[in-house]
Each structure stands twice: as structure tokens, then as C-alpha cells.
Ligand SMILES: [Fe+2]
Ligand SMILES: [Fe+2]
């Protein structure tokens, strides 16, 4: 079943602002993101610092945590290869690790800590609900977007023993395509020089194994929670619209949605879906806060959305 959704109502300055964000290569808060058309006084406003007192996604700030983040990207860039992703996709496509409902998985995710995230120190379910509730406030009619926010990080269960206990570099962090050159906009790009694919002539040109405009659906992305959750949703027959699946699958693809690179691999549908991903990203990034959501209070609403868009039990 296809669910039809309206295209987002973007203000004309959207393109200009993003060009600005790319040129200066710095985080532009609300200014760099499209806002909903009629902003209400209690709409979600992005804070300027995270709960550690740093700018969001500030990977250069001097702190122990930042060093850990850099080491994380060193490992990720060396170990994520085309062959590795192929193997992971084959393994996880079997969906033979567990059977459970979406809400059950939200609760399970609380056992997970994401080492790659410099902004987050709260239980994962709080991040899911904080982003979902913030986006719900600004886009009250797009219920599919609320649910997308709720489930976008569920794939992080890959870190848990029952789901293969994958290392952090195979689950979290920014994602990027394999099978073509690593664009310089990738965070800590220098570590790619130790990735075997960098020396493979089949994989180290701009297009690599792809044709221009082939569509991201045909591109091998680095393996992680994004692609895994997309696979789970899709294979279990979700009725979420294509934009929702796109957000889940590419929300960590910062070189695309923040830096505007790799666009030559997109097709027309990707271009449309990217508009929604950019909207979503603001809430993913800036809704992380110490103000906790009352889980029991909002649970009935999200259970109703889960029932609308998913079967009661999914294969994982
Ligand atoms: Fe994520
Ligand atoms: Fe997230």
C-alpha cells in the first residue's frame, strides 16, 4: 500500500541558506534548516549548545570524549569496505535474530550507548521521544514523520549480543557510500587512506561502480543502524511513505544532507525525499536535551502510530 504525503512547504531561502552552510563548513543552527511554514510561538527552537556545553557535532572540542570520537572514526574508515558491507547485508537480510514489536525494541534500545555521538548522554528512548515530540509540535499533521523519528535509531540494537554485538564502527557514526571515491567532506577523511578500497581502481573514482543518477537505492552505504533499520522496516512490510524510509536509511549520511556531496548518485525520488530528510535532521541533532519526556504519557499515541504503519510483531 502506498501512503501519499504532501511535499514539504519550503521557504525559497532554503537553497541559499544551505549553500551558506556548505561554504562556511560550520554548523548553522535554525538558519541552515528549513522551517515549517507557520511557526507557532511554542515551536521547537534549536539550542546552541549540547548537554556537555559544546556546540553540537563539535568534533574538534578538546575533551576525552572527542578523542574517543576521533578514534571511532579512524576504525570506521579503515574497516568499512565494499566487501564488508556486502557480507553484512547478506547476513542481516536473513532477519533471524529476533521477533518483537516496535515499542518492545524502543525499550530494548535503552541498553545501548552510542560512542560516536558527542552530544548525547541520555537513555536512547529519550532521544527517540525527544526528536519525535519536537517534530510533532512543528508538523502536527505528518504522523508518519513522528513515527519515523521514533524508530530512526532502533537499528542500534546491532550493538547488543542477541543481534551480533557488532563493534561501534559497524553500527553508528556518519555513513558514506562504498564502491566509489571517499569524498573529502567525510568527517576525519584522512583515515580513509588506510582503507583497502582507497587503492582499488574499481572503487576509487568519482562514480566508481555506479552510473550518474543511478539512485541511492542502488548504492552500497557503509553498514550501520540506518541501513539495518531500513531493511527491517521494508522487509516487514511497513506502510510508511518513501520519505520516511529514506529518512531512516540516510539520516547519518551527513556528507549528502549537510555538505551537499554525492548528489550525482541521486535520482529524482531521492531529490524529493532529501527535502524531508533535511527537515528531520534538525530534530535529530538539536532536540537532544536534559528535559526528559514522560514516557508513559506519550506512549499511547506512539502505540497507535505503530499499529497504523507496522505489523504487531516484526522479524529482526
Ligand atoms: Fe541515528
Ligand atoms: Fe538519532
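Keep in mind that glycine also has a Cβ here, set from the backbone N, Cα and C atoms.
What TrEMBL records for 57, 114, 115, 116, 156, 173, 174, 251, 252 is substrate binding site. Residues within less than 8 Å, Cβ to Cβ, of residue 251 (Fe cation binding site) and separated from it by at least 6 positions along the same chain comprise 152, 226, 257, 277, 280, 281, 284. In three-state terms derived from DSSP, residue 251 (Fe cation binding site) belongs to neither a helical nor a strand segment and is classed as coil.
Here TrEMBL flags 127, 152, 153, 225, 251, 284 as Fe cation binding site.
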C-alpha of residue 156 (substrate binding site) to C-alpha of residue 225 (Fe cation binding site): distance in Å? 5
Would you count the other C-beta atoms found within 10 angstroms of the C-beta of residue 152 (Fe cation binding site) for me? 26
Binding-site residues 153, 174, 284: those with Cβ under 6 Å from an atom of ligand 2 are 153, 284
Can you list, in sequence order, the residues of the same chain other than 127, 152, 153, 225, 251, 284 whose CB lies within 8 Å of the CB centroid of the Fe cation site? 128, 131, 149, 156, 226, 248, 252
